[in-house]
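Q: First, the structure itself, so that you have it in front of you.
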Amino acid sequence: MASPAIGQRPYPLLLDPEPPRYLQSLGGTEPPPPARPRRCIPTALISASGASEGRGSRRNARGDPEPTPRDCRHARPVRPGLQQRLRRRPGSHRPRDVRSIFEQPQDPRVLAERGEGHRFAELALRGGPGWCDLCGREVLRQALRCANCKFTCHPECRSLIQLDCRQKEGPALDRQSPESTLTPTFNKNVCKAVEETQHPPTIQEIKQKIDSYNSREKHCLGMKLSEDGTYTGFIKVHLKLRRPVTVPAGIRPQSIYDAIKEVNPAATTDKRTSFYLPLDAIKQLHISSSTTVSEVIQGLLKKFMVVDNPQKFALFKRIHKDGQVLFQKLSIADCPLYLRLLAGPDTDVLSFVLKENETGDVEWDAFSIPELQNFLTILEKEEQDKIHQLQKKYNKFRQKLEEALRESQGKPG
């Protein structure tokens, strides 16, 4: 057998038999070829004439039995708990993304507060001006203070309070922070001024103290000395705030971009809300040797996004001596990291506490001459009232002593 030429097929290909083709004659009209039925179309929809043509006719010619129609593919059942998703056609209408500008309903798990449980009484601010816990403005003369939670406000702000009293049943319901279990408690608290007279150390002395401090530090929070003589380190501040703090409401948390660019998210809204911080919460700060108490307070308020005036708070140092806890209020110009370096890393020896500035320094330059004269008049009146009370008290003692002497003279022995 001769081999086929190059480019020709060596053997005939075995293909499926093609359906018969109908050629239109010149004399008459021939019916068009029938359409091939789809797989999923039921048998009842196929016309009899179409079924007898094409493959059906060839099957009948061979004598093969009629195959049973294959059922259409059924859709998958939807799993419980899931909604069936509908697929949009390409180019179909996309529904508009409508977002509400109105306030969403509050979480039902958050209990609504109505300012209940407070026991307000008049408070005379003799040591200096105070601060309103509701509006944040300064209180100069008369204020109202709750006997339980120490909530302080203007008399005109009393009807606007919505925060419930935290200590309705007394001071035993203080919410302790989880960190408070790590700190030993003492029975006696004595507020006493501790005077320290020390000369400023040299760079060599500071280096020796830092080496000694880092050798005793067990939590990898040592201090680092720079070439210019300054040093950096960590301090822990205990927050013992009994009065509520004011924070902005409805803002997003501070992002890394805001922290780098020093963007304050609280400045983007005028809405305010108040809440109680847990007692004895601990906050750690990384500061330098030149950081003052005023900057530490401002840094703490910025971390918690508190919008209250920094003069409302004060930083105290707490030392343990002879079984007693001694508190000393630090000046706004003191450097806490230097005190931490002198005391060592042990928090039982020295710790820092942030409290309300109840006995703040009075800025007399902020008052006018008539106001200062009014203060003098009030002080003189209070002084005279105190003198009259003491005179009346000792006059009663004198009368009782004289009566006792007269009764004893008539009795023998």
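Keep in mind that glycine also has a Cβ here, set from the backbone N, Cα and C atoms.
In case it helps, Swiss-Prot gives these features for our protein:
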type	residues	note
COMPBIAS	61-74	compositional bias 'Basic and acidic residues'
DOMAIN	265-359	domain 'Ras-associating'
DOMAIN	361-408	domain 'SARAH'
MOD_RES	S177	phosphoserine
MOD_RES	S274	phosphoserine
MOD_RES	T347	phosphothreonine
REGION	1-105	region 'Disordered'
ZN_FING	117-165	zinc finger
Q: Expressed to the nearest Å, what is the distance separating the residue listed as 'phosphothreonine' and S274 (phosphoserine) at their Cα atoms?
A: 31
Q: Looking only at the zinc finger (117-165), what are its DSSP counts of helix, strand and coil residues?
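A: Taking each residue of the zinc finger (117-165) in turn, the totals are 6 helix, 16 strand, 27 coil.
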Q: Count the other Cβ atoms sitting within 10 Å of the Cβ of S274 (phosphoserine), across every protein chain shown.
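A: Taking all protein chains shown, S274 (phosphoserine) has 19 Cβ neighbours within 10 Å.
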Q: Going by DSSP assignments with H, G and I as helix and E and B as strand, what are the residue counts for the domain 'SARAH' (361-408)?
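A: Breakdown, helix to coil: 43 helix, 0 strand, 5 coil.
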Q: With every protein chain in view, how many other Cβ atoms are within 10 Å of the Cβ of T347 (phosphothreonine)?
A: 19
Q: Would you mind pulling the DSSP three-state label for S274 (phosphoserine)?
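A: Looking at the DSSP assignment, S274 (phosphoserine) belongs to a strand.
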